Amino acid sequence: MTSQPSAGRRRLIVGNWKMNGNRQGNDRLLQEILQGWNPLKDTDTVICPPFVYLQQVAQALKSCQIMWGAQSTNAEQAGAYTGEVSASMLADMGCRYVIVGHNERRRLQGEDNAQVAAQYTAVLDAGLIPILCVGESSEQREAGQALATIESQLHAVIDHAGLESFAHAVVAYEPIWAVGTGKTATPEEAEQVHGFIRETFGHLGQQLTILYGGSVKPSNAAELFAKADIDGALLGGASLNAEDFIAVCQHAESADK
Ligand SMILES: O=C(CO)COP(=O)(O)O
């Protein structure tokens with residue numbers, strides 16, 4: 001049964017391929033997704049491959065409703081930044097979404113709140129939609145610091161870009177302890193944080209799309225998406241398998257809110 005999305009919000013599923021894939025494998029995965037695809041009415045879908053495969057993915061998805069995005073960007077527009085890609089370059093390629101502040105970049109590339117805020121602004125300035133990732137570590141959760149951590153990650157961006165900028169942005173809650181571990185936050189744990197994030201945005205909160213990420217798969221998607229404040233998912237592993245990706249997208253579409 002399809003119900004109306006909460007507060008008129010569309011649902012959104014974003015597949016983050018991370019540093020996976022090769023030309024032949026991508027072709028196969030994209031073909032399988034397109035062959036098994038059923039058009040969705042209330043759910044938007046995005047695939048974020050590594051930079052080098054953006055063109056390949058863009059070409060494959062040209063005449064279908066799945067959009068594509070990037071996994072990161074540099075905050076600068078152009079210049080002597082070897083190995084980096086700017087948001088204006090992504091816009092030039094026809095990109096729509098850019099993930100910023102993913103916990104793997106915060107932890108492994110040392111990106112701090114200030115850099116994430118600058119990237120977020122660069123994405124908006126390029127006319128693209130940032131997907132801002134926030135989330136706590138297991139140590140922070142155990143110390144009762146989960147919400148405080150998320151609040152400071154959000155405020156770093158709100159203070160830099162302004163609350164109203166979130167009318168054109170997506171927030172993704174990814175508890176670090178649930179990413180790639182097979183351990184999912186319970187729907188209740190996730191919903192509590194999503195509700196907190198929504199409240200942080202005051203009058204904008206009800207319009208904001210908030211995704212959950214961390215070991216989402218077909219077997220747990222329906223119960224997560226049934227929660228009023230969970231508008232969809234940021235998928236890692238499940239986006240690398242056509243059957244799983246399609247199934248999670250279908251769960252979002254038919255979520256009973
Ligand atoms: O990090 C994630 C998506 O950005 C989640 O990854 P997994 O779904 O593999 O846990």
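Don't overthink the numbers, they just go from 1 along the chain as shown.
Backbone N, Cα and C atoms are what each Cβ position is placed from, and that goes for glycine too.
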TrEMBL annotation, substrate site containing N16, W17, K18, S215, G236, G237 - matching residue among G36, G180, G195, G202: G180
Residues N16, W17, K18, G180, S215, G236, G237 [recorded substrate binders]: greatest CA to CA distance in Å: 14
For the substrate site built from N16, W17, K18, G180, S215, G236, G237, further residues of that chain with CB within 8 A of the site's CB center: V179, L235, A238, S239, L240
Spatial neighbours of K18 (substrate binding site) that are distant in sequence (at least 6 apart) but have CB under 8 A: P50, Q71, E104, G236
